[in-house]
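Listed in Swiss-Prot:
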MOD_RES   1  N-acetylmethionine
MOD_RES   11  phosphoserine
CROSSLNK  15  SUMO2 cross-link
BINDING   42, 94, 95, 96, 97, 162, 163, 411, 482, 483, 497, 502  ADP binding site
BINDING   42, 94, 95, 96, 411, 482, 497  ATP binding site
BINDING   93  Mg(2+) binding site
MOD_RES   170  phosphoserine
MOD_RES   222  N6-acetyllysine
MOD_RES   243  phosphoserine
MOD_RES   244  phosphoserine
MOD_RES   247  phosphotyrosine
CROSSLNK  248  SUMO2 cross-link
CROSSLNK  249  SUMO2 cross-link
MOD_RES   252  phosphoserine
CROSSLNK  381  SUMO2 cross-link
MOD_RES   430  phosphothreonine
MOD_RES   459  phosphothreonine
């Protein structure tokens with residue numbers, strides 16, 4: 001008996017699962033995540049209401065926003081959530097479809113694993129299918145003229161129709177297009193569109209959504225420092241600083257020993273002279289506005305006010321950069337180094353308005369702003385947050401088209417066209433790999449199928465007729481009308497998606513499926529007993545599933 005004792009290699013606290021059990025566990029986890037998100041696809045999508053740990057409410061149908069709030073335990077589910085974030089950062093749209101596709105790719109693979117097919121065979125078939133998917137997409141894509149405003153609005157509209165903001169779609173499309181066109185920047189033949197940095201969304205509760213607009217310039221939530229300063233200036237000369245207009249304390253807070261009273265008065269006098277000198281350096285350039293990221297002392301305010309200069313202090317660094325881009329000023333670190341060409345003269349108007357209880361500074365009517373602020377008004381914070389998320393998506397879509405002006409038909413049409421191409425190609429294939437290859441084509445149909453399901457139409461009947469349609473010549477633009485659940489030509493309906501978004505969606509979905517199929521072992525460590533006691537109140541540990 002002694003020889004048959006089991007040998008313990010792993011520590012007793014660890015739990016190990018391997019083989020088929022792990023694979024089916026991963027596939028189920030991915031399917032669960034995909035099922036949560038499935039109803040959020042298309043124009044007839046449902047909303048999800050999430051309570052975050054702080055008790056705040058998030059209402060959204062944006063795939064990435066939902067998954068960000070969900071807390072999961074299974075490692076495979078975590079990687080699914082990660083891909084939606086990647087998609088959001090990379091192209092800003094398609095977060096819902098990428099999760100649904102990845103879930104479906106894994107779901108169709110389960111059948112082959114049950115038949116004892118080796119995961120590597122499935123993976124290589126998936127890889128081949130991905131290459132063919134990419135080439136088919138490029139074949140059916142059409143170039144677009146980015147200067148054609150109506151066409152651009154149409155593209156953005158297709159992305160917006162699935163969101164809450166679709167009720168105000170023409171307003172939202174115009175806002176997104178204007179904002180992106182404003183921050184577009186070409187240098188040495190290289191296009192740069194940085195929405196995150198230079199197109200800021202400011203949400204102010206109150207008013208109605210129709211009051212929202214794009215400002216040709218910048219808005220900041222600040223008031224002037226001194227009540228007697230001007231609040232309405234036409235064609236202002238703007239000076240931007242990132243140093244404070246206060247007396248410099250010694251860097252190491254040096255102590256000074258004073259023996260006579262005159263010394264103390266002299267020190268105070270020096271402080272005043274220093275501040276006066278700073279202000280004179282600035283006033284020499286005859287600016288109308290001084291904006292600084294740091295503080296302004298009372299004395300400096302007094303000097304500036306006497307020179308009829310408006311001062312604004314403690315502005316965020318990002319806002320300062322935006323003001324610099326909008327009015328053509330340079331941010332200066334030392335007032336004594338100010339020169340004439342550091343002054344921004346590109347703004348047409350500086351105005352300080354009171355909205356609700358707060359004061360806002362508007363720097364608008366800029367001649368050639370390379371930064372802008374989108375001002376959103378609306379009934380409540382929740383609605384504003386959702387509208388902001390939707391606008392971000394719309395701006396990303398617009399940015400993708402400007403950077404890569406290629407389009408593919410929306411509404412599940414490109415998925416069906418690619419699926420049809422894969423099915424045709426699989427007929428010429430021999431060997432075991434043809435089955436998983438064909439399954440990829442099957443998995444792609446999940447997008448039109450979900451669109452049909454979400455608007456409550458008959459899935460089987462419509463999918464069959466859509467398949468039949470795609471076997472005919474020149475019918476690759478036929479898809480599902482998400483509003484009514486009927487089959488239509490997307491060209492006529494005007495529903496297009498940027499090629500960049502589609503390519504990223506397919507690549508990410510297949511890569512994730514491949515990654516999760518590769519896993520055949522999960523070793524999870526237990527928490528130590530002490531940690532266990534501390535966390536009794538929280539959720540159970542990952543090791544104790």
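Backbone N, Cα and C atoms are what each Cβ position is placed from, and that goes for glycine too.
Feature map: Swiss-Prot annotations on the structure.
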residue: 93; record: Mg(2+) binding site; Cβ within 10 Å: 29
residue: 94; record: ATP binding site; Cβ within 10 Å: 31
residue: 95; record: ADP binding site; Cβ within 10 Å: 27
residue: 96; record: ATP binding site; Cβ within 10 Å: 28
residue: 163; record: ADP binding site; Cβ within 10 Å: 22
residue: 243; record: phosphoserine; Cβ within 10 Å: 15
residue: 244; record: phosphoserine; Cβ within 10 Å: 17
residue: 247; record: phosphotyrosine; Cβ within 10 Å: 17
residue: 381; record: SUMO2 cross-link; Cβ within 10 Å: 12
residue: 482; record: ADP binding site; Cβ within 10 Å: 26
Proximal but sequence-remote residues of the same chain as residue 411 (ATP binding site) (Cβ under 8 Å, at least 6 apart): 448, 451, 479, 480, 481, 482, 488, 490, 493, 495
Other CB atoms within 10 A, centred on residue 170 (phosphoserine): 10
Local backbone state of residue 497 (ADP binding site), from DSSP in three classes: strand
Cβ-Cβ neighbours of residue 42 (ADP binding site) (radius 10 Å): 28
Per DSSP, three-state class assigned to residue 94 (ATP binding site): coil
DSSP-derived structure type at residue 482 (ADP binding site), helix or strand or else coil: coil
Integer Å distance between the CA atoms belonging to residue 163 (ADP binding site) and residue 93 (Mg(2+) binding site): 12
Cα separation, residue 42 (ADP binding site) to residue 459 (phosphothreonine) (Å, whole number): 15
Rounded distance in angstrom between the Cα atoms of residue 381 (SUMO2 cross-link) and residue 94 (ATP binding site): 25
Densest Cβ neighbourhood among 11, 97, 459 (recorded positions), 10 Å radius: 97
Which of 15, 222, 248, the listed recorded positions, has fewest other Cβ atoms within 10 Å: 248
Which same-chain residues, if any, lie at least 6 apart from residue 497 (ADP binding site) yet have Cβ under 8 Å of it: 94, 155, 158, 159, 397, 407, 408, 409, 410, 414
Other CB atoms within 10 A, centred on residue 430 (phosphothreonine): 6
Residue 163 (ADP binding site) versus residue 170 (phosphoserine) - Cα distance in angstrom: 13
